[in-house]
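Per TrEMBL, the feature compositional bias 'Polar residues' maps to 209-222. Annotation source TrEMBL lists region 'Disordered' at 1-24, 209-231. Taken from TrEMBL, the feature region 'G1' covers 35-42. Per TrEMBL, region 'G4' is recorded for 151-154.
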Amino acid sequence: HPPPVATSKEEQQRLLRNRPNQPQNPKVLKIAIIGAPNAGKSTLSNQLLGRKVFPVSKKVHTTRCKARGVVTHEDTQLIILDTPGLTNPIKAKRHNLNEAMLTDPWDSMKHADLVLVLVDVSDHWTRNSLSKEVLKCLSHFPHIPSVLVLNKVDILKKKFLLLEIVTDLTEGIVNGKKLEVKSAVKNPSNSSNKSPLQISQAQEGYGLDNSSDVKNAESSPVTEEAQGLKQYGPKDLRDMKGWPHFKEIFMVSALCGEEVNTLKQYLLMQAKPGPWKFHSEVLTSQLPQEICDNIIREKILEYLPLEVPYGVTQVTEMWEEGECGELLIVQNLLVPRKSHMRMLIGRGGKVISRIAQEAGLDLMNAFLCDVRLKLRVEVK
């Protein structure tokens with residue numbers, strides 16, 4: 001079972017300062033998870049960790065800063081760099097985001113041994129091409145091995161579309177081999193059911209998994225130029241929909257945890273000999289108050305409309321341990337207008353009560369102790 005997060009700031013800081021307890025032959029892998037906002041990066045990170053420490057919401061830009069998650073399994077440590085969604089300066093200004101939201105994903109890439117590119121296949125507007133920000137990021141770090149992860153495949157009713165999506169997002173090349181795409185689908189109208197698809201794969205055992213009825217087939221080699229890590233300029237990127245240098249492809253449902261373990265096993269196998277970076281009792285680099293703020297903010301994003309939640313300021317008034325070992329938290333939520341205050345409280349206090357209840361349950365999962373959370377709303 002993954003360790004809980006310490007409830008006191010001092011204890012968490014002590015754990016983070018602790019010298020890692022190295023096993024006999026330690027292995028480590030630093031993983032950057034990048035993708036468009038709302039692709040499911042934090043949901044996937046939480047599933048890999050086995051405990052909820054990163055905020056998750058349907059609204060964009062729930063993750064505001066880069067944070068590390070730590071998976072320790074036997075002699076291997078995976079360090080997950082959960083990053084804000086790759087965005088551009090115009091969108092950043094619209095959502096009142098600080099400059100770190102633009103630079104953090106790039107910083108994470110610099111430190112990564114492997115990058116997971118997450119794509120939401122349920123979004124028919126964006127699923128057939130990688131965003132320009134993602135392509136720009138990959139082209140700046142072509143030496144870092146990258147893996148394509150198609151997320152929310154459970155929502156995609158027409159499974160035959162996965163063929164087209166995979167071909168577009170990889171430019172028809174995976175691990176230096178040309179994809180051989182065959183479909184046994186004769187009648188597309190019936191293809192909402194699982195259909196026997198065949199896509200070639202570079203390595204056996206992983207990647208395009210059988211849960212989506214994607215089978216291994218033989219691969220065709222491509223030219224040396226296609227295999228080489230050529231430099232891509234702005235003009236090249238303009239004409240590209242996908243990235244032709246992915247090592248593997250995985251199809252998962254991060255929310256349900258479907259096929260996440262297959263991905264996790266693959267990541268553990270990619271780890272290289274090297275010293276652990278964290279003590280085995282560390283689950284995240286975040287401090288407990290940061291986790292609390294992020295999870296409460298996640299609920300506010302869920303229950304308030306449009307841009308309203310982005311103007312809420314959080315101030316923690318109390319953080320202490322009760323007589324029976326429970327964690328007592330009181331947080332003030334400051335809003336700019338009375339109308340926002342009415343929305344946040346809700347009729348008969350229903351909205352704010354629901355936020356406190358749901359956030360309290362998530363915090364219990366992170367800290368593995370009883371949590372009593374009280375929220376107050378004020379106009380700032």
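Backbone N, Cα and C atoms are what each Cβ position is placed from, and that goes for glycine too.
Keep in mind it's a predicted model, so treat the numbers as computed, not measured.
When pLDDT values are averaged over the region 'G1' (35-42), the model yields 85. Note on the region 'G1' (35-42): DSSP counts are 2 helix, 1 strand, 5 coil.
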